[in-house]
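Undergrad: Handing you this structure, nothing more for now.
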Amino acid sequence: MAASVDQRPYPGLHNGVVRPLKPGPDIPRPKKLPQAPPPLSDSSSDEEEDTTLNLKDLIRKGTTEVESSIFDPRDDGTSDHWIQRNSSLVRLTGKHPFNSEPPLPRLMHHGFITPVPLHYVRNHGPVPRARWEDWTVEVTGLVTRPTCFTMEQLLHDFPSREFPATLVCAGNRRKEQNMVKQSIGFNWGAAAISTSVWRGVPLRTLLKSCGIYTRTKGALHVCFEGAEDLPGGGGSKYGTSILREVALDPSRDIILAYMQNGEPLSPDHGFPVRMIIPGFIGGRMVKWLKRIIVTTDQSQNYYHYKDNRVLPSHVDAELANAQAWWYKPDYIINELNINSVITTPCHEEILPINSWTTQMPYFIRGYAYSGGGRKVTRVEVTLDGGETWQVCTLDCPEKPNKYGKYWCWCLWSVEVEVLDLLGAREIAVRAWDEALNTQPEKLIWNVMGMMNNCWFRVKTNVCRPHKGEIGIVFEHPTQPGNQSGGWMAKEKHLEKSSESNPTLKKSVSSPFMNTTSKTYTMSEVRRHNNADSAWIIVHGHVYDCTRFLKDHPGGTDSILINAGTDCTEEFEAIHSDKAKQMLEDYRIGELTTTCYNSDSSSSNPSVHGSSDTIPLTPIKEVITPMRSVALNPREKIPCKLISKTSISHDVRLFRFALPSDDLLMGLPVGKHIFLCATVDEKLCMRAYTPTSSVHEVGYFDLVVKVYFKGVHPKFPTGGIMSQHLDSLPIGSVLDVKGPLGHIVYTGRGNFLVHGKPRFATRLAMLAGGTGITPIYQVVRAILKDPEDCTEMHVVYANRTEDDILLKEELDEWAKKYDRLKVWYVIQASIREGWEYSVGFITESILTEHIPNASPDTLALTCGPPPMIQFAVQPNLEKLGYDTQNNLLVF
């Protein structure tokens, strides 16, 4: 709803602009604008030269390290398919229209100036496809000289102003309001804010050149209208208005902007020209500006009345329509209010508590802003619910204009002791401006969910990031859009459960919890940790997954490895929405914390008990005898990266040390492990099969293909875990969990599949890409045993010859051992003399290179699902293989 800064509605096209063409054409705008007169210092600091240099430096610092925008596949089939966008932006309203904000850590990474590709976007419809050469802006209404200006006239015939300004959507932080009660707006997070350097023509200069009438002749309002065709009100442009006094006020720095951060505007941000009204909400800054109309009355546009209002809390949408609240002038939003947000610690950040971290201060950071040009004078942080406040250091590189106005956010930071954080229940922030405005402690709901500026609170809890140490995990109130997470979301979940179950006891108040008639303690859940009774905990709910063991596509181990534990992070990291819906069928009750005790190293005790003391003493590590095997299905084990070798431009060999140099890994042949890492503040878990022998002591090796971002158009961001691994310095520690999988090769042709024995004398082994690694382990195990006579026929498919992993080892084994045959298939040959197949796995290739179907032949496969579904299974069936019983998929 809230019309926000960088975005105005952009539905249809206007004034002869044609419908969008096929994807991929160049954006119809000049890469550089024609030479224009230097900007005036009309209302800037008198130090014009210093200011210009400072702006260039700010732009340079703020726009580095930004990946290229792409034609996002999510825009395919929409009228915006021709626009390149940054793939990291969080989409808030599905595919279309495009409304988005950057991830909060990405926004803050760039500091004071926001790169244009990361600037938040508010669009009501499709983006107009504009051309600089034929775009005009009409000034009409109560003026003596109505004029239609071309872009060249705006550029060359008028002085320009250039200055930094922060744009904020009136809906910034709306999702917090939606957690209390659903508003009529979508879920903006805390990053509906961005700062750019804007350049354009002063509005007052343009109006005076057209001879704006005096107040006595009725010129009381200045209306703005965009180019889009929108559905609101039965069909309209996007339009709004401001008072004449505001429009002509030289201290306001209102401009018709045609440049952002030194470049022409981008399509999402209003190309070729838009309004910039510093200190106002984004909803007044019309993009793709076509008309300026001087009128006696305020704008009659549908969006001027039905958007950007703060109505009293008792007014819902029905009452607002019935009693015409939308048309009451007292509730319109113009200037921004005071606001502040904590950005560091970020959501789900974990701060380990150890001898090193407790000796160092921790920096809490964030941003603050106010409206109307009012300076932010003070930011305070509390760790004790407002009993005491610590004053923050402000970083405000902006200089005021010569009227003393400030148009930009400020960044703030404060040092706190780690041990003080350990004893805190939450961190909260509030800001003050020069008018002594500050933020309310509690949220005040309104039907549009706008101008939310209550204290921003980050919750803290004690966790155990690694065996033997504790840490603090931080939780923001919400995550933007439809993303899950945030302490407010969990509290809302609990509240809904309480409403559906009036018998819920108030003492059961964990924010993770949703209660039914049955509750269980942690100690009860721990007892259900085997194939006879496998319970898990996800977000405080208890699930009995016993009857799903045999049906889990990842095998029984995938459940048993977490049975009897809280596996919320692991479940969220690797399961789809469909899987999450399926899980509800197995829900049997809720976890209660009223009888919680921390008698196990796997528990995550909280310091937020009912007393005022901090019960840290129960957090103890139980010393257990040294194990000869490192892997433990119930625990993650920390493993240190000790070497990294580049095999090719995108293939790496990683060696990780086990927790002790006298340990075996303990991974059965055919099973795999999970690598666990926090990437971009989210838990990432990926399955890998080590390539080192299961008999190696003290370490394991992984051969990993790195999927870099920007290489494959279908996966513009690349592989999350593989890129993370590639970036790790030597000495980094990752968590490993396992063993996982339902297939075990026990030797001499014998397998255990879902715990049931299988036997084969011949194996058809079909691999694709990185799916060679489990096949490789089985091959190694067979060849290592001179009495294992199992025949192996490997068909290994890849895109190119360069993509083939472990080729040297496979070829060497094939030459040395008669019982191993290897055949390669690549999609395209890049050199002459390629002696293997080109194309895809086909019936003819399998006929020639794998054994005939028989009772003592098994097919093993691992690779991309499309390969297995469309190449392996149908072609094996053509050869007479029983794929239901004799095809084993890793």
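In case you wondered, yes, glycine gets a Cβ from its N, Cα and C as well.
Straight out of Swiss-Prot:
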type	residues	note
BINDING	Cys169	Mo-molybdopterin binding site
BINDING	His552, His575	heme binding site
BINDING	686-689, 703-708, Phe715, 720-722, Thr773	FAD binding site
DOMAIN	517-592	domain 'Cytochrome b5 heme-binding'
DOMAIN	634-746	domain 'FAD-binding FR-type'
REGION	1-51	region 'Disordered'
Undergrad: Note down the number of other Cβ atoms within 10 Å of the Cβ of Met721 (FAD binding site), including every protein chain shown.
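TA: That number is 20.
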Undergrad: Within a 10 Å radius of its Cβ, which of these binding-site residues (Tyr688, Phe715) has the fewest neighbouring Cβ atoms?
TA: Phe715
Undergrad: Determine, to the nearest whole angstrom, how far the Cα atom of Lys705 (FAD binding site) is from the Cα atom of His552 (heme binding site).
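TA: Here the two Cα atoms lie 27 Å apart.
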Undergrad: Counting by DSSP, what is the helix, strand and coil composition of the domain 'Cytochrome b5 heme-binding' (517-592)?
TA: 32 helix, 21 strand, 23 coil
Undergrad: Using all protein chains in view, find how many other C-beta atoms are within 10 Å of the C-beta of Thr773 (FAD binding site).
TA: 22
Undergrad: Can you give me the same-chain residues 6 or more apart in sequence from Tyr707 (FAD binding site) with a CB-CB distance under 8 Å?
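TA: Tyr707 (FAD binding site) has long-range Cβ partners Asp650, Phe715, Gly718, Gly719, Ser722, Gln723.
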Undergrad: Look at each of the binding-site residues, Cys169, Val703, and point out the one with the fewest other Cβ atoms around it within 10 Å.
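TA: Per-residue Cβ counts within 10 Å for the binding-site residues Cys169, Val703 bottom out at Val703.
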Undergrad: As a test of reading the model: what is the averaged pLDDT for the domain 'Cytochrome b5 heme-binding' (517-592)?
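TA: Averaged over the domain 'Cytochrome b5 heme-binding' (517-592), per-residue pLDDT gives 80.
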Undergrad: Of His552, Arg686, Tyr688, Val703, Met721, Thr773, which binding-site residues come within 10 Å of the residue listed as 'Mo-molybdopterin binding site', going by C-alpha to C-alpha distance?
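TA: So the list reads none.
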Undergrad: If one measures from the C-alpha of Val703 (FAD binding site) to the C-alpha of His552 (heme binding site), what distance in angstrom results, rounded to a whole number?
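TA: With distance taken Cα to Cα, His552 (heme binding site) is 27 Å from Val703 (FAD binding site).
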Undergrad: Write down the Cα-Cα distance for His552 (heme binding site) and Met721 (FAD binding site), rounded and given in Å.
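TA: Per the Cα atoms, Met721 (FAD binding site) and His552 (heme binding site) stand 24 Å apart.
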Undergrad: Measuring Cα to Cα, tell me the gap between Thr773 (FAD binding site) and His552 (heme binding site) in whole angstrom.
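TA: It is 22 Å, counting Cα to Cα.
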Undergrad: Near His552 (heme binding site), how many other Cβ atoms are within 10 Å of its Cβ?
TA: 16
Undergrad: Does anything in the same chain, at least 6 positions from Arg686 (FAD binding site), have a Cβ under 8 Å from its Cβ, and if so what?
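TA: Result: Phe674, Leu675, Ile720, Met721, Ser722.
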Undergrad: Taking the Cα atoms as reference points, how far is Tyr688 (FAD binding site) from His552 (heme binding site) in Å?
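TA: Distance (Cα to Cα, whole Å): 18 Å.
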Undergrad: Which state, by DSSP, holds the residue listed as 'Mo-molybdopterin binding site': helix, strand or coil?
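TA: Where the residue listed as 'Mo-molybdopterin binding site' sits, the three-state DSSP reduction gives coil.
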